[in-house]
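Chemist: What TrEMBL records for this protein is below:
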ACT_SITE  Ser913  active site
ACT_SITE  Lys956  active site
BINDING   Gly533, Pro534, Pro535, Gly536, Val537, Gly538, Lys539, Thr540  ATP binding site
COMPBIAS  1-12  compositional bias 'Basic and acidic residues'
COMPBIAS  19-52  compositional bias 'Basic and acidic residues'
COMPBIAS  53-66  compositional bias 'Low complexity'
COMPBIAS  67-85  compositional bias 'Gly residues'
COMPBIAS  234-245  compositional bias 'Basic and acidic residues'
COMPBIAS  252-262  compositional bias 'Polar residues'
COMPBIAS  756-781  compositional bias 'Basic and acidic residues'
DOMAIN    112-380  domain 'Lon N-terminal'
DOMAIN    821-1007  domain 'Lon proteolytic'
REGION    1-104  region 'Disordered'
REGION    234-266  region 'Disordered'
REGION    756-793  region 'Disordered'
Amino acid sequence: MSRAFRKERVPDDGPDPIPVRKEDKNQAEDQKGIDQTEGKHEELLEARKGEESSGTSGTSGTTPGDAKGGSGAGSGGESGSGGGDGSRKGGKKPSTERAIQKPSVPEIYPQVMAIPIVQRPLFPGFYKAVTVRDRNVAAAIQEAFRRGQPYVGVFLFKDETATKDIIENREDVHDVGVFAQITSAFPVSGETDSLTVVLYPHRRIRMSKLIPPRPASEPPGPVTIDLKEVKDQSLKEQGSLEKPGDVVASFEESSTPPQSKEVQPYEPTSFLRDYRVTLVDVDNIPEQKYDAKSPVLRAVTSEIVSVFREVAQLNHLFRDQISTFALTQSAGNVHEDPAKLADFAGAVSTGEVRELQDVLETMNIEERLQKALMVLKKELMNAQLQSKISKDVENKIQKRQREYWLMEQMKGIRRELGIESDGKDKMVEKFREKGNKLAMPEAVRKVFDEELSKLAHLEPAASEFNVTRNYLDWLTQIPWGQQSAENFGIKNAMTVLDEDHHGLKDVKDRILEFIAVGKLRGTVEGKILCLVGPPGVGKTSIGKSIARALNRQYYRFSVGGLWDVAEIKGHRRTYVGALPGRIIQALKKCQTENPLILIDEVDKIGRGHQGDPSSALLELLDPEQNNSFLDHYMDVPVDLSKVLFVCTANMTDTIPRPLLDRMELIELSGYVADEKMAIAERFLAPAAKELSGLKDVDVALNKDAIEELINKYCRESGVRNLKKHIEKVYRKSALNIIQDLGEDVFSEDKGLTEEGKAAQAASKKDESDVKETPSAIEKETTPTPRKQIKVPDGVHVSIDRQNLKDYVGPPVFISDRLYETTPPGVAMGLAWTSMGGAVLYIESILENALNAASRPGLERTGNMKNVMKESTLIAYSFAKSVLARLFPENKFFEKAKVHLHCPEGATQKDGPSAGITMATSLLSLALDKPLDPSIAMTGELTVTGKVLRIGGLREKTVAARRAGAKTIIFPVDNTSDWLELPQNIKDGIEGHAASWYSDVFDLVFPDLDSKRANNMWKEQLAKPQKENNKSEEDE
């Protein structure tokens, strides 16, 4: 066998499939055409066998490589015996000595493992797949693979309902079976201990003795195998049995001379006794000689071939099998091998089990052919009967089809005569008219015509009819080529945007830019804007204002918590109740190709087992791709390039990066006090007053009361909470008016309409439980049961700062800042959150009194995350370095145990921007120097004192302004952000840019006494006099 294709393999590898070639003893040249893979596998099996038996063979110093070498050398000889040089290093022979040997099948194999089968027997030369579910049999097959003995005897169960994989009684099976080789085995899907085994039968065998499986309680006995004795026996058997053209199995590992030591004879199947499997002693059944020129034999063979032809014309499966059989016949003439033809007839027919087994057991070729012909004749009769039934069914269908066509012709004649009209034709004509009015693209028009033609030929009762009709309905409701006339007036857009929103300069400028480009070009392409900001700043409502300013249709849908990708891309039409996605629905509702679509809460999009909607938005929100957006339901490209998409989000951290890259971000910071005041006066108060039923009533919410609400109740970035409080004020006013004037002024009769009075009277007669719907519910309901009651003109209500608490309760915030005067160790920092900017104080205290024996330490609290914890360590180390460098006599950090805390411990805090605030807090404690409470700071700090860039400066500035800060310290890299801030936000605040912490130190400690700071804590850290004297005595 060839060594050129050998690969190294570890002993624990699973068994490889063993390829088997069809033996043809009449052609000796098949020796040259053997597949190289078979040789490689045979060599691997011999090598592994050599590894396992090296200990018992008595050969010392043999490695797996040596075993393979000996095997390869032995198989390279002309006789196939182990005559190679096994002592050669690595076991490799020169390339000129390599040869390819056909894998041998033992001619004599007296004892094999028996595998029973049901339903039909196996015939030599034809593959069969068998499922083995007995774990012991499966394990034995795997072991046989591993040892290179993949041979079994296959016998047919007499009972067709038997399911066992072992034979317990010889009477259960037929004595005649086949000697088969296992070519491959692989596990059954879903079953752990089962194998699917592919068998290739070689010859007929007869069972002479049955060795039933051992009982489960009986342990397996040891098996002694001597490979040297096996080798000697193999050499003798090979010399006596080998004939020209025969293939002999070889199990030798090396050619070591036999020893005088007495050993047990080697049995190839002895290892199977360790498993609960059936072993049988078998004898080969030789084929009887026959006269190839016998006229009876030739006549029966010709008749079988003729029957095969007839069956093939009726049964396509037979036709394929016959073609495969003809290709595998090397001789090319079936008359030369009638035994093979008889076996093929038995293998492919579906006759009775007893008849097929009789064909297998018959060794006389003429009798076997006649029995096979009988089986084939029955197969032909079955095929003819099947063909007759098929033709009868086909004739019935053709008759019904003919009746259907006649009925359709009759309907057509009646329509022509005006006797009746077809609703389907009207529907088709209606779709055609609608389609002709639309400017469909060429690809869409082609699909439309095909679907319309299909609808015209479908019967209304067919299930496909409704699917096609719904699809055409959606296809004709999309506004192909229809666009609304946009208003590109700059003044008009400014007027509309200012009417609806106060502030939002960045958003308004972007919309004006968009309009200006459209005004010059005459057309605009769709854009994708993303408004990012805290809740309540008007992100959602700005979308409707933009649509009104541009004279575009408006459609809004929220993707918060959306987990089904079909909401974006639609369902497949094959699903029941399938619908297009929300984008196609938006086009249908707006009836224009250029609407404004607002996608709300894009940062809160979900993800489920039905796909990732955020990934589906990639195609939708990409200007380079959405000109041919493909909805799953529509299945035609839809142009969305003219749509203006506006997305809203509270934060960008949860938006996927590829999706965020496709959008143009516009950040909206929170409102300052004067902006809130303007919004409350212009929008919130009038709307709340009308909703409370006080539109024409003299109820005045004074300006000082709104200012009090902003400063003492609603300090958040947006105005949603302010809106709730203003609505609460007006609701409380309405209640006070009714209670003060009394129920007589606002009686129920004045508030009910005539229909409402009748419904109320009917409900009073109803005595049923409120949990149950009454039978006469239609009499107790009416579309307009009530009307608005007019408040008398003499009512006057005024809400100011003094009586505001009577309407909304006591103030939530009693001071502008947490600290009016900060003690040493407290610094005011600034933080960014999804709700906007916030003030974040950093507090540091000394835990224990300082003395010479105290030890240093740092404790951190305040629900800080990993990044912020690292910032505390950096700030602590940097503060110690500043003190050591500027004030070397100040030994505070060498002895002080410091506790650093961030208030509001229930809120998680993270980020590096509090670095300079923490360092300032620690230095303030070490220098015992309080800070100015109006100074706020933000910036990331490095261990060398460099101040790095931060984000959210706008929101932090707004928070500092709300907290009453007068000075803000920020990194010098954020200077451009500071300059872009609106002037109304920066009014009254002085900004300072810091590049190094030394700039911050000079600003927060402007009048520091260096001598006092250097001598700070000296008295506390000085050693007592007794200790000094004791130390001097010790010296």
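Backbone N, Cα and C define each Cβ position, glycine as well.
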Chemist: Reported as an integer number of Å, what is the Cα distance between Gly538 (ATP binding site) and Lys956 (active site)?
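Modeler: Just about 19 Å between their Cα atoms.
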Chemist: If you draw a 10 Å sphere on the Cβ of Ser913 (active site), how many other Cβ atoms land inside?
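Modeler: Cβ-Cβ neighbours of Ser913 (active site) within 10 Å number 28.
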Chemist: Look at each of the binding-site residues, Gly533, Pro534, Pro535, Gly538, and point out the one with the fewest other Cβ atoms around it within 10 Å.
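Modeler: Among the binding-site residues Gly533, Pro534, Pro535, Gly538, the lowest count of other Cβ atoms within 10 Å belongs to Pro535.
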Chemist: What are the sequence-distant neighbours of Gly536 (ATP binding site), meaning same chain, six or more residues apart, C-beta distance under 8 angstroms?
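Modeler: Correct list: Glu716, Ser717, Gly718, Val719, Arg720, Asn721, Lys723.
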Chemist: Tell me, how many other CB atoms lie within 10 A of the CB of Lys539 (ATP binding site), whichever protein chain they belong to?
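Modeler: For Lys539 (ATP binding site), the count of other Cβ atoms within 10 Å is 26.
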Chemist: Note the Cβ centroid of Gly533, Pro534, Pro535, Gly536, Val537, Gly538, Lys539, Thr540, the recorded ATP site, then list each other residue of that chain whose Cβ lies within 8 Å of it, in sequence.
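Modeler: In sequence order, the nearby non-listed residues are Leu531, Thr648, Asn650, Leu668, Ser717, Gly718, Arg720.
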Chemist: To which of the recorded positions Val537, Thr540, Lys956 does the lowest count of other Cβ atoms within 10 Å belong?
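Modeler: Checked Val537, Thr540, Lys956; of these recorded positions, fewest Cβ neighbours within 10 Å: Thr540.
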Chemist: Do you know offhand how many angstrom separate Pro535 (ATP binding site) and Ser913 (active site) by C-alpha?
Modeler: 23
Chemist: Can you tell me the CA-to-CA distance separating Lys956 (active site) and Lys539 (ATP binding site), as a whole number of Å?
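Modeler: A Cα-Cα distance of 19 Å.
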